[in-house]
Amino acid sequence: MEKATGSPAVGGSYPQKNAEILSSQYGINLFLAGLLLTFAWAVHAVGISKSHLLSYLITLMLIQLLWMLWYLCRSCTQRRLIRDKDTHAGARWLKCGITLFAVITLILDSFKIGYYIDFSNCLSPTEGIFPVTHAVHTILQVYFLWCHAKDVIQSFKTLERFGVIHSVFTNLLLWTNGVLTESKHQLNEHKERLITLGFGNITIVLDDHAPQCNCTTTTLCSIFSQGIYYLYPFNIEYHILASTMLYVLWKNIGRKVEHHQQNKTPFKFHGITVGMIFGLIVLTSTIAIVVVYLIQIGGSKIKSELALTMFYLHAIFVLALMCTAGIVALLIYRLEDRSLDNSKNPARKLDAELLVGTAAGSWLLSWGSILAIICAQAHPKYTWYNLPYSVLVIIEKYIQNLFIIESIHREQERVNDDIKTLRIVTVSCGSTLSLTPLYKEIYNGRATRDTTEVPCLFKGNICGRENDGAAVATEEMSQGNSSVMHSASDFSFYSRNAVTNNKRRILKNIAAFLFLCNLSLWIPPAFGCRPEYDNGLEEIVFGFEPWIIVVNLAMPFSIFYRMHSAASLFEVNCKT
């Protein structure tokens, strides 16, 4: 009988597993086709133009729009049905973050529309259709994620798997397109700077995709063309965040939800003043460094070298502080005895995998710089600062990953019945009575009355009572003949609680500090402050083109790592 009842369940799991495998293969092939098309356009392959790439992306976005509209309509018709939700997925702060990036992405789309209008005489119609489609896609996708990111889909599972995975890889291709466009712009600027640093032996060939006609309004064209590249970092972050949220939705399809999930943990500024102050100092100084760097680099050889030296010294100081903060947090964890939460959680698992996976990008760049410094024959003075900088980048990410992954896997502190009790000491007929009602019961005014005495709470040295012995107790207190003594267990409980609160406060300040530091370190590479380009030493050792390929492949992951770390640290701060 057991075999007969168990076989349908086992047999029923096969179609769903096959649907998961088929949908993932569909998404991968969709992505690879778009990736090759993007690569062909980037290298000016014969017969491949930008219009072909944009047509492919427009088609993918339209298919996703149709699927999202179908899902939203079906959800509206089934509003009264109780659906399972994954409370770990689609946190409110994550939705707010993706909304902010989406708003800036819409501004980017409006700039692209304006750019197309000014150059409409020589641009393909797809370059005008693409930003309009992308804007509609962005608005509907953000609404979809706000309403349904937590859904655990249990109906039409096979169809939904294909729809969600299509959305995941559509966003990844849009992310790839944004990264490539922004990287080509940065590369052109980098090639122009190399001359000022004295690397004249490197052939400078600009890879320009500019329109071959005059602009109708020169001023607006300049604003649009320059503004687009300053907005690309936000567009890039928007698409990678959207793809991660959709991936969690895909993993949750058909999942059996555990109903003892964690409670909401709102963010509070109370108790993190120190971490916020030091973090804001780092953020402000980083913005100043980036502004000076972008002004000085490429001006002259001396100015460029000073800009690189200034960047390295500032980054070394910040990374050293972050390493110290991370080590202190890990030491506090070693002193605590708290178990890890090993329950199935797709969102948490993805967070940990992304942290380690994307950190590999900056580790690759750091090891390349270390190897270049060791192998180079000539070493300009500023290149020596690159050695401690690269070593600290590797160590800091190693420590920070360990801290974040352990933090998100630690079980939230649950107050058990022994710790939850409050010891209430009252004076009754010259003797001390100790009662231990549950905290919840006291808080709700439902303390158990197993004795004739009414428990009371201390506030300073005053304890109010509501029985006939109150007058006697008051008289004794006024004469100084009575004293209230805490038991040894009470003292131990309060001292233990004070130590726990101090540790918790330190961890919250560390998380807040690291959160702002990661935002600070996201700004320089996202807005063009990239010493890996401008240093020049690596390009001499490895060759110009090989090193540029390595940087262009690794840099997007390095940039995403900082934003993802900031998001994870925000969650750590809320949970601590």
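From the backbone N, Cα and C atoms, a Cβ is placed for every residue, glycine too.
TrEMBL annotations:
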TRANSMEM  26-47  transmembrane segment
TRANSMEM  53-72  transmembrane segment
TRANSMEM  93-117  transmembrane segment
TRANSMEM  129-146  transmembrane segment
TRANSMEM  158-176  transmembrane segment
TRANSMEM  229-250  transmembrane segment
TRANSMEM  271-295  transmembrane segment
TRANSMEM  311-333  transmembrane segment
TRANSMEM  354-379  transmembrane segment
TRANSMEM  385-404  transmembrane segment
TRANSMEM  510-528  transmembrane segment
TRANSMEM  540-561  transmembrane segment
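Residues 307, 310-311, 314, 318, 321, 505, 508-517, 519-521, 523-524, 527-529, 573 of the same chain, all 6+ positions outside the transmembrane segment (271-295), place their C-beta atoms under 8 angstroms from a C-beta of that stretch. Recorded stretches compared: 26-47, 93-117, 129-146, 510-528, 540-561; the one with the most Cβ pairs under 8 Å to the transmembrane segment (53-72) is 129-146. Counting residues 6+ beyond its ends, the transmembrane segment (229-250) has Cβ neighbours under 8 Å at 23, 86, 89-90, 94, 97-98, 100-102, 104-105, 107-108, 111, 138, 141, 145, 148-149, 151, 153, 161, 164-165, 167-169, 171-172, 174-175, 178-179, 181-182, 185, 346-347, 350, 354, 526-527, 556, 559-560, 563 in the same chain. The listed stretches are 158-176, 311-333, 354-379, 385-404, 510-528; of these, 158-176 has the most Cβ pairs under 8 Å to the transmembrane segment (26-47).
Spatially, the transmembrane segment (510-528) is adjacent to the transmembrane segment (311-333); three or more Cβ-Cβ distances between them are under 8 Å for residues at least 6 apart in sequence.
Panel annotation: around the transmembrane segment (354-379), residues 244, 386-387, 389-391, 393-394, 397, 401, 404-405, 532, 535, 537-538, 540-542, 547, 550-551, 553-558, 560-561, 564-565, 568 of the same chain, lying at least six beyond its termini, place a Cβ under 8 Å from a Cβ of the stretch.
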